[in-house]
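K.L.:
Reproduced below are the annotations present in TrEMBL:
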BINDING   191, 194, 211, 224  Zn(2+) binding site
DOMAIN    167-275  domain 'UBP-type'
DOMAIN    317-797  domain 'USP'
DOMAIN    624-665  domain 'UBA'
DOMAIN    699-739  domain 'UBA'
């Protein structure tokens, strides 16, 4: 000890001279500089990690022990601040009120932190303990102090920004509740200012129950809770249907973010809600004299009634919630379970890291490799020590050891410049998936892109209903979107009865009945996908006029992984987005061979390749033609009528554009024929190609029937539609779409959703072993709620 003390004294006397060669490289963080003192640029090491974190005193980037040497050799920067946080558990006798409380686990264990900082000079790893104000040069002292006190690099000025995990509200401890004897009933809640009965928030000051705003989780509202805050400045509110023995979702209007309230049980008890007395029955339902919420999708998805077995190691690393970030976590967990993404980023980890730019926090490939390694290495998902397990068993308690990762750097990068993903609001996983695929493709330098495993071609067949001519085109897509036909619900009678009871309860101011979820056969969703759809404002190049047109979609190619999205979001008559409460019996095996594209068939005639004219609907006068452009073309020797058509079809854009049109169409047989100005049909008049039938005529014209049946509609359904619309072809098509023919529809696709794969077809299946990824906790799933999914990932079994 004496020798060590003598060495420290000697070190201290030479500090000024020691740092002189490095003074030009040491900077004081300026405004706009981001200081990464909580996360490594290449890993999820932090000051709490075994090796601590090294912060470069020039670039202010953070590096774990395994990566700091790379930065030193690449940049020559020698001076780093080494940060180490020592965590100590402190047993408390206080009761835990919220499972989200900071620095406290599920057994009421608090943590005390002891922070240690020192300067380290590479390559000799010479260490200078901090603070050492008297011995260090003034510039170094100022720089160290600025780094230690720097704010989070993810902090933004916008009100909807996110910074770190959910924090305790500054209003929690000092909240004053009004003694107005308000008691909240266990059910039958309704917004005090409108008729909303969902997404309701209880103000913790005066007990007002008011609606929130609409978010992507399908919750709806008119924003009355926010209006109430603006009128009263009462800051905290709790979402009523989230209250459980472990806590609740709490929002601070003043801080404009989700927050924690360590005293939430006391604040709820003020309004008659005793959350600490809530108990679980054997089947996992809450029982309480005050609040008995319906078993929600969230509880079913979490399998909260079961004691699930946690898993650890490679591929079983969770992602901490950054605040409404489930859409990001679920997408990335699935992507990095796919071998092509693993190989592209984790397989090339060293090459990506070695060739990363000077600021790796802004490099997409680096951050993808970092995230993939964090999820797959098992480094951040280690099982508890045997000694800890024995202690837990003896004390009849279980303490979660799964640590997980917190991808704040990744989220900041992929959401940069995006108005939605850069916020902390709830987002749509489907939209984020497409956003990420776009980033993957933009940042892929090699010939192979991992997102190609989702890429496929869709063949779109558009048919003119009057001429029966067709056009085939192809487009790229990355997922299959299946509609949800509510009219095909297998429990339709039950739904009708529920709706009747709900309306009756609402009229009589009684609590609503237990909601009934619509059960939709997957075959009905698939059938709806295959049906022809109306093409709005279709312009037929064969008629050179507006006409009725229909479109069908088929697969021109199949991907290695087929993503099926159940379109659970729709718009009500008031244009407010709503989430459909449905259960879909999604199969394990999916045979899509019947949906293969066929291309142009024998006997089909193609629509001419003619560009529709530019028409201004408000102007009913005959279109004007630039005669000067016509004469310029005519002087070149082209027929006058052809020149007039060229100028007309290019929208009077000049002689050059018209000349290009002439070159493209001069081989057509009607090239020199006079221009026929297209006229648009009145909606209730039959087309010129078909005779008008009397409304009293029982049988529609055979020509009309044949056109609709050629599109795949049943003959009896076609006749019904024509009779219902006075034999008007366009209106009959609309009638078919709004009056689906239920007879034998589901049978047509019943063998498309197989329980076992066929040997000669394009069959997809999703993985047999199920895991539940609940933020940072990973467990084996016992009852996977496959019918409640939003996006399903299928792997292709065969290709032929």
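Yeah, the Cβs are placed from backbone N, Cα and C, and that goes for glycine too.
Where the annotation comes from TrEMBL, it is an automatic prediction and has not been curated.
Note that this is a predicted model, so its numbers are computed, not measured.
So where do these features actually land, and what's packed around them?
P.N.:
A 10 Å cutoff on Cβ-Cβ distances gives residue 191 (Zn(2+) binding site) a total of 21 other Cβ atoms nearby, all chains included.
Across the residues of the domain 'UBP-type' (167-275), the predicted structure has a mean pLDDT of 85.
Residues 610-611, 613-614, 671-675, 677 of the same chain lie 6+ residues outside the domain 'UBA' (624-665) yet bring a C-beta within less than 8 angstroms of a C-beta in it.
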K.L.:
Ranked by the number of other Cβ atoms within 10 Å of their own Cβ, which of the binding-site residues 194, 211 ranks first?
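P.N.:
Sorting the candidates by Cβ neighbours within 10 Å, the top entry is 211.
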K.L.:
Please work out the number of neighbouring Cβ atoms within 10 Å of the Cβ of residue 224 (Zn(2+) binding site), leaving out its own Cβ.
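P.N.:
Taking every protein chain into account, the count is 21.
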K.L.:
So which other residues, same chain and not among 191, 194, 211, 224, have a Cβ within 8 Å of the centroid of the Cβ atoms at the Zn(2+) site?
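P.N.:
Counting only non-site residues, the set is 192, 193, 195, 196, 200, 210, 221, 222, 223, 225.
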